[in-house]
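> Below, the features straight out of TrEMBL:
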| type | residues | note |
| --- | --- | --- |
| DOMAIN | 40-153 | domain 'Neurotransmitter-gated ion-channel ligand-binding' |
| DOMAIN | 169-248 | domain 'Neurotransmitter-gated ion-channel transmembrane' |
| REGION | 275-294 | region 'Disordered' |
| SIGNAL | 1-18 | signal peptide |
| TRANSMEM | 162-181 | transmembrane segment |
| TRANSMEM | 193-211 | transmembrane segment |
| TRANSMEM | 223-249 | transmembrane segment |
| TRANSMEM | 332-354 | transmembrane segment |
Amino acid sequence: MTPLGTLALLALMGVGGAQTDCSYFGLLTHLNLTTGNAMQTALRPVRNWTTTTHVQLDLVLYGILGVDEKSQTVTTHVWIQTRWSNEFLSWTPSGFCGINHVLVPRAAVWLPDVIITEDASDTGSISYSPVVRVTSRGRMVSSLRQRLTSTCTFITISRKPMLYVIIFIVPLFYFVLLDVASFFINEARGEKLSFKVTVLLSISVLLLILKDLLPSTEAELPMIAMYCCVIFVLVGLSLLEAMLVSFLIDLDGCCKNPEAPEGEAVQLEADRPDAPELHEAGGTPEKSSPPPSRPGDLLELILQEVKKVGQEARGRDKDEKRPGRYRRLAEIIDSVFFVLYLLCICSFLMYMLLSAYFQM
């Protein structure tokens with residue numbers, strides 16, 4: 001056998017002997033991962049420290065588990081996959097029976113630190129994969145599953161408007177209409193003030209419900225909160241105006257003259273102290289007048305006195321029915337406030353509609 005043939009035979013035997021090791025254990029032994037190697041886990045896997053390690057991060061959102069509107073946090077179920085290169089963990093697949101990748105424990109290799117700044121969840125919500133996938137070219141792939149509670153400002157969540165329209169906007173608008181209609185209730189019946197108080201309490205209940213839904217850390221006041229607060233202020237001012245009007249009407253009633261008792265007798269001119277009459281025996285009248293010559297004159301005198309008393313009674317009734325100055329002032333205040341109240345409500349509703357239109 002020639003020396004060249006001998007060398008070829010030895011080369012074939014060496015290649016055949018090298019291909020006989022097709023186990024993962026042999027590959028891990030070749031990569032020096034069978035025993036604890038602190039250098040593989042503590043140091044960044046580069047041959048030159050100036051080399052940059054590029055880490056690729058893929059985040060897959062599987063679903064939204066919950067939204068906390070008050071604290072402005074969203075809880076999601078995410079799957080995070082991390083890829084990077086390890087210059088010390090590479091091999092030739094043909095030398096290990098075509099093995100292109102292998103799974104190694106996480107504790108045996110170096111892992112990049114990935115931190116989500118907006119993460120508000122605890123560490124117990126993270127589930128790491130126990131192994132890391134290593135390819136023949138030194139590419140490392142690590143994955144984890146996490147229940148992520150984040151406060152990311154890059155995520156904008158818009159509310160479904162129909163729910164808030166039914167719960168807040170329509171009831172508050174209905175309360176405003178009821179408050180406007182209460183201006184037509186008569187003050188004398190005493191129901192206007194109690195009705196306005198009931199409307200104001202109903203709006204307060206809606207504000208308490210709204211407090212638990214809106215975020216407390218928002219820099220700007222949401223439009224729905226502005227809508228509720230302005231309506232609450234308007235209804236409160238309407239209640240104060242009703243109290244003022246009621247006070248003026250009561251004050252006008254206190255200033256009236258007390259009415260005469262029903263049993264008071266009406267004195268005719270013939271019964272008055274200054275009427276001409278005769279004193280008892282032995283006395284002389286201060287002013288004597290001739291007695292009526294005939295009965296017709298006496299009846300005519302009585303008729304004149306009755307007409308005079310009737311005219312005085314009718315005049316007194318007119319004075320009592322005519323409103324006093326405080327009542328007239330209350331009516332003026334009520335009319336002016338009603339007009340201003342309608343103008344304020346219409347202007348505010350128009351402003352809210354235009355603001356919502358431009359924000360869309």
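Heads up, the Cβ atoms here are built off N, Cα and C, so glycines get one too.
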> Restricting to the domain 'Neurotransmitter-gated ion-channel ligand-binding' (40-153), report the mean pLDDT as a whole number.
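Across the domain 'Neurotransmitter-gated ion-channel ligand-binding' (40-153), the average pLDDT comes out at 86.
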> Which stretch, 162-181, 193-211, 223-249, tops the Cβ pairs under 8 Å count with the transmembrane segment (332-354)?
223-249
> Take the transmembrane segment (223-249) and find every residue of the same chain, 6 or more past its ends, with a Cβ under 8 Å from one of its Cβ atoms.
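Contacts of the transmembrane segment (223-249) (Cβ under 8 Å, skipping residues fewer than 6 from its ends): 164, 168-169, 172, 175-176, 179, 182, 187-188, 192-193, 196-197, 199-200, 203-204, 206-207, 210, 214, 326-327, 329-330, 333-334, 337, 341, 344-345, 348, 352, 355-356, 359.
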> For the domain 'Neurotransmitter-gated ion-channel ligand-binding' (40-153), DSSP counts of helix, strand and coil?
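Grouping H, G, I as helix and E, B as strand yields 13 helix, 52 strand, 49 coil.
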